[in-house]
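Structure, as structure tokens:
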């Protein structure tokens, strides 16, 4: 916010214009001033909240000026409502506050008891108790109240500072004065902040964690005396607190409640804004959704910093050290986020990744799941990195430092290995071919033999070690009833690294589905592919199609189908073959007999010959010149 616009309202002769003049002149103006002062703008100075400019608009309460008054009230950020005697005080509740509500404005109101220099006005505690607090209790939009005197120049600067602070650090979203407690949204935000600062997740902010919190929020060290005073304040309100271990969540919330009760709500706002909260107590959109675009033919992956963050997160929340995250540990881990990512719920997490015998997500499965999420929905990963507290090593970097963009692989047929650590393979085939069992086997699940048709798309992700030792994450996706829509979607196919054509070698009608599929979608020829004969533990049968699978693949100058069974221990070699083909796509392309020869080597040879000829000519010319 660049400017705070203050609308000064109140009955006639309450001293509105005198307050403004006293602020500008820094003293009381004895000369008669005009009934309504022109609008003034004051630039920010030292101590101005959030370094904002301030525009002050004087108004008239006369009925003939009501149109202008309505217009100014609707344009302002805060209303300074001034009264000066019993009559104008009564009008605060009877006219002014209902009038503001009738206009539908939702701005804070600062209530000002002016002309405190006059005899018979009472003491400040008496005025606060008898006049100001009842109005604040009745009208929640009243942010604060103060006694002033333009003649004595008493609290003149302070009243306008309160107006500025009511906009830059509003109390209304934080604290309910009537009920005397922090509001739910504020509590939720502070709970998340506590969670992020409790680095060891023991339920307490220890001395070092408090010092780190102080440095982050207030850019100054926390002395031992300061920490002792904080603990003393908490102990007075919560005598049962165990402050020897540190400050627990109830103590942290109580501390912030004390700030609100003492009018130090700007302290709470400093904390909230350091953790990227807006005035509506939601996280800043630019924080959880920073700009991040994946160029065409490229993909997104976790960077080393991103993997390190998720490894650390796993180790912290695996409280029982059993090597897996159970439901309670996952719930605690995702406490500062709005639950699991919706894509995880849709894919029936954790069944989409690696689990141990107890059904708990292993570290391998945890990293594989995030690798898949980053590949398919990088913006979801970025959003959850923000929720879960990722902090880049360089303060100038954004959360996107946890991700990296791969080199584009526009020409899949180019020789060599693509620089990708996460690859996607679509598993296509007839119903009952064994695709679901293949995905289960990929996740080390036992084979049950019961057939359940796949309706929704299903994914499985796991790490695979390539020949040479490099590890990649392989995503196998069974398309279900969305198969036609996905195979017609060029963007979906561009994201795919490999097609696995799977058929049941014991079913005579299984392979014809693949033949028909390739005829229906000829653009599938543009993708690298592998043919897989599943259920090889059963008796092999001839397929009812023009060419048998071996003949069909040979006619395409491709490798013969890989014969495997999910009941065999060697099934893991199949997934290595998939990952290897996905990362070296030139080895898995169909080539028809009509396709011309690969002239790459010829072009290289001709280029070398031409370079040699130019060099020889240059040497001959130099030799001739030398003669």
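Any Cβ shown, glycine's included, is placed from N, Cα and C.
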Of the candidates 329, 331, the one that Swiss-Prot places in the Ca(2+) 2 site of 318, 320, 322: 329
Set of same-chain residues at least 6 away whose C-beta sits under 8 angstroms from residue 466 (GTP 2 binding site): 472, 576, 579, 580, 583
Highest-contact recorded stretch vs the domain 'EF-hand 1' (185-220), from 1-169, 305-340, 420-584, CB pairs under 8 Å: 305-340
Residue numbers, six or more beyond the limits of the domain 'EF-hand 2' (305-340), whose CB comes under 8 Å of its CB atoms: 191-192, 195-196, 199-201, 349, 355-356, 358, 360-363, 366-367, 370, 374, 381, 384-385, 387-390, 392-393, 401-403
Other CB atoms within 10 A, centred on residue 329 (Ca(2+) 2 binding site): 19
Fewest Cβ neighbours within 10 Å, where candidates are the binding-site residues 198, 209, 318, 322: 322
Residue 466 (GTP 2 binding site) in three-state DSSP notation: coil
